[in-house]
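J.: For reference, Swiss-Prot lists these features for the protein:
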- 7-175: domain 'Era-type G' (DOMAIN)
- 15-22, 62-66, 124-127: GTP binding site (BINDING)
- 41-45: region 'G2' (REGION)
- 62-65: region 'G3' (REGION)
- 124-127: region 'G4' (REGION)
- 198-283: domain 'KH type-2' (DOMAIN)
Amino acid sequence: MTDKDFKSGFAVMAGLPNAGKSTLLNAVAGGLLSAVSPKPQMTRQNIIALSEGEKHQIIFVDTPGFLEAKYKLQEIMKGSLSQALEEDADVAVFVFDPLQEYSAHKKLISKLQNIKCPLFVLINKADTQPVEKLRKIEEQLKKDLPDIEKTFFISAKQNKGVAEFKTAVAETLPFNPPYFPQGQWTDRWERFYVAEFIREQIFNLYEKEVPYCTYVEVETFTEDLGPKNYIKAKIYVERESQKPIIIGSKGSSIAKLRVSAQKRIEEFLGRKYRLELEVSVEPQWRSSKKCLQKFGFITE
């Protein structure tokens, strides 16, 4: 087989917060690659997962949920979605959430009307909705997005309809040599996923504004293929009042967080670790250009 017979390209996923894009990324990747939470706005940076076949390589891109920016970090998140759609996408994938009002999707639909690449629509969570409602949504989407390549009713959580969708994407990709070596499944280092899985557990264990105000930095990551595998991570919050919430009475909350995050990390990496967590305050870091540069959200 030559490169002329091979197809590869980027499939950029767009949707509202909590539409199920990260769950879909895990489904197409065949594993727990992306951090997920029932709470919205879990994804802050573009994350890719590779799906390979004998004659194709699909690079799926999970982007932050489309939302109105209220602070600098959200502006960056929104910008990363726009850049991925406008500059990187060979295929665009609109993950529609039928649990949210159709009107809530209007601004994103307007954005998708201007893309130049083939567009697939996935109406997710189809197992939770009557078929009549799904058909009405499909009809309205075809009116608003007349150039849709194909629409799928799927359940990313149940992995239903995902295989058919992947086949359709693979057929639509341009002829290219593979972008990544065979067997590679992402472009991120293990440290990134360790931080993401700690933050995932923060989202799952804490309430109100606290999860949204946290950033996790992995300070130490050592391995000796034995009992001394060790990770130390620092959890940043924005206010002093949030620090005792993370820690809890006599350290009870952070102990629970450590156990659940360590389990998740060990499942992902396939080996045992000792995880240590520390909490620090970085005032208003989500709106601070200096902090966002320090944390890698701004690279210029």
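For all residues, glycine too, the Cβ spot is worked out from N, Cα and C.
Just tell me what is around each of these and how deep it sits.
T.: Within 10 Å of the C-beta of Lys21 (GTP binding site) we count 30 further C-beta atoms, all protein chains included.
Within the chain carrying the region 'G3' (62-65), a Cβ under 8 angstroms from the stretch's Cβ atoms is held by residues 12-19, 21-22, 24-25, 34, 40-41, 43-49, 77-78, 80-81, 84, all 6 or more beyond its ends.
For the region 'G4' (124-127), the model gives a mean pLDDT of 96.
Per DSSP, the domain 'KH type-2' (198-283) is made up of 40 helix, 24 strand, 22 coil.
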J.: Under 8 Å between C-beta atoms and at least six apart in sequence, can you list the same-chain neighbours of Gly15 (GTP binding site), or say none if there are none?
T.: Lys21, Gly65, Phe66, Phe94, Val95, Phe96, Asp97, Leu108, Asn124
J.: Reported in the order helix, strand, coil, what are the DSSP residue counts of the region 'G3' (62-65)?
T.: 0 helix, 1 strand, 3 coil
